[in-house]
Amino acid sequence: MTTQFQHARDGETTDAMRRVAERENVSPEFVREEVAAGHAVIPANHNHASLDPMIIGEAFSTKVNANIGNSEETSSREEELKKLHMAIHHGADTVMDLSTGQNLDDVREANVRYSPVPVGTVPIYEAVKQVDDPDDITHELLLDVIRKQAEQGVDYMTIHAGVLMEHLPLTDGRKTGIVSRGGSILAKWMEENAMQNPLYVHFEEICEVFAEYDVTFSLGDGLRPGCIADAGDEAQYAELETLGELVGIARDHGVQAMVEGPGHVPLDMVAEQVEREREVCDGAPFYLLGPLVTDIAPGYDHITSAIGATEAARAGAAMLCYVTPKEHLGLPDAEDVRDGLAAYRIAAHAGDVAAGLPGARDWDDALSEARYAFDWRRQFDLALDPERAQDYHDQTLPGDNYKEARFCSMCGVEFCSMRIDQDARDADGEMEHIEDETDLDDSSAAEVNLPPVGTHDTSRVPELPDFLREIHDADARSGASADD
Ligand code: SF4
């Protein structure tokens, strides 16, 4: 069967390209050109029937991936489907099933069947589960697992084919060695067997399987830095050169390819990393994990990495793999997944806005207009996480009457700057030009030491809820004031 890449190169616009164009608000021809150039990928396995096609590429909105999957401790298919649902509900553009527990086939098949977004996997994880010792993995086993997962409808796979024997000594002086799971397994395999990486040696056979089902390569960075001290070292960039070579081989086989990136990178090096990948890998979409810009904040690594991810998106990264607050510490729970996805959707969008992606700022402008209009319901609807936005608002002002209030509890009625600003403007929304400066000595305002500005219509301010009135009255009784 023909891949999206082959169709694009043949000048054919597919249904998937048309759907993607609709979602991205661009022309189908533009989508086709980007795919044909290898600068964008549409991960869409022929066997993934429930897929709503999407595109990953620098010229399109930055996408966010969420990792899901079971472990030895949690293995039920239902639990995994709940995670899938939650990830999509909170805005994941793709999901990676990183299951390493039981019932891997059941879980994977269910995820593909019920997922409208592309599903990615790391096949070497399943290969490891099928042998007593990871050093016994064979290339036949790897190819069997890859073929089976392709048949099951997996849309993209992380293949760590760029880690070579000759790269391994370059990691000797690192602070944190090899931190990629796939990279460390393969490095040990090469050390024990004194043989080259089987994924590299048999890469063309993998290409043939991928071409048959239209599976997209996510070329893994097995030697990515695990701390900012190791960022941009010889090992990382040597592997990147190999990944560039593999992108070319994949394209020669009509297969789509994107490239994975770090990891941990100080902020001042993030853009350089994106630019280098673009150059070495001929514009193949760059898919980054983070990167974390500092290593000092375990427990907050959704924030440390969202900072790097924002800069990466601004510089041209095509997809970001989310990091949750539990990174380096434990398996994320539902709330961690929600927080991680929110952090990364913010990073992706902020990067798009800063990069000037056409239409990206429309969302910000719509929300800002709703905010200035005190249209709280529209603000919630437009919010990245509507449920959280409304929940936070309702914690202090729960009543329906507060959904049109010209203030919230952050500054309060008296100090609501947007309300004060609106009251200072005329009907055209302009500040009146004062021809004659008020003589404060003659002003009644001088007597009470207030500026001569208008006050808002207090009759339109809703009543305080009882519990706030009690606090207000108690403050008044104790003589508390804003100056306290
Ligand atoms: S009270 Fe403050 S935070 Fe709330 S709407 Fe007014 S200006 Fe905005």
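Note that Cβ sites are derived from N, Cα and C of the backbone, with glycine treated the same way.
TrEMBL annotations:
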type     : residues                                                                                             : note
BINDING  : Asn67, Met96, Tyr125, His160, Ser180, Arg181, Gly182, Asp221, Gly222, Leu223, Arg224, Glu260, Tyr287 : substrate binding site
BINDING  : His264, His328                                                                                       : Zn(2+) binding site
BINDING  : Cys408, Cys411, Cys416                                                                               : [4Fe-4S] cluster binding site
COMPBIAS : 433-444                                                                                              : compositional bias 'Acidic residues'
REGION   : 433-463                                                                                              : region 'Disordered'
Could you check what DSSP calls Gly182 (substrate binding site) once collapsed to helix, strand or coil?
helix
Which binding-site residues from the set His328, Cys408, Cys411, Cys416 come within 10 angstroms of Arg224 (substrate binding site), judged by C-alpha positions?
none
Taking only the Cα atoms, work out how far Cys408 ([4Fe-4S] cluster binding site) lies from His328 (Zn(2+) binding site), in Å, as a whole number.
38
Given that the record lists Asn67, Met96, Tyr125, His160, Ser180, Arg181, Gly182, Asp221, Gly222, Leu223, Arg224, Glu260, Tyr287 as binding substrate, what is the largest C-alpha to C-alpha distance among them, in Å?
20
Quick test of your reading of the structure: among the binding-site residues Tyr125, Gly222, Arg224, His328, Cys411, whose CB sits under 6 A from ligand 1?
Cys411
For Cys411 ([4Fe-4S] cluster binding site) and Gly222 (substrate binding site), what Cα-Cα distance in Å is obtained after rounding to a whole number?
50
Roughly how many Å separate the Cα of Asn67 (substrate binding site) from that of His328 (Zn(2+) binding site), to the nearest whole number?
14
Going by DSSP, give the three-state secondary structure for Tyr125 (substrate binding site).
helix
Determine, using Cα-Cα distances only, which of these binding-site residues is closest to Tyr125 (substrate binding site): His264, His328, Cys416.
His328
Considering the binding-site residues Asn67, Ser180, which residue's Cβ sits among the greatest number of other Cβ atoms within 10 Å?
Ser180
Which residue, out of the binding-site residues Tyr125, Tyr287, shows the minimum number of other Cβ atoms inside 10 Å of its Cβ in this structure?
Tyr125
Local Cβ density at Cys416 ([4Fe-4S] cluster binding site) - other Cβ atoms counted within 10 Å:
20
Let me know how many other Cβ atoms fall within 10 Å of the Cβ of His264 (Zn(2+) binding site).
26
Including all protein chains shown, what's the count of other C-beta atoms within 10 A of the C-beta of Gly222 (substrate binding site)?
30
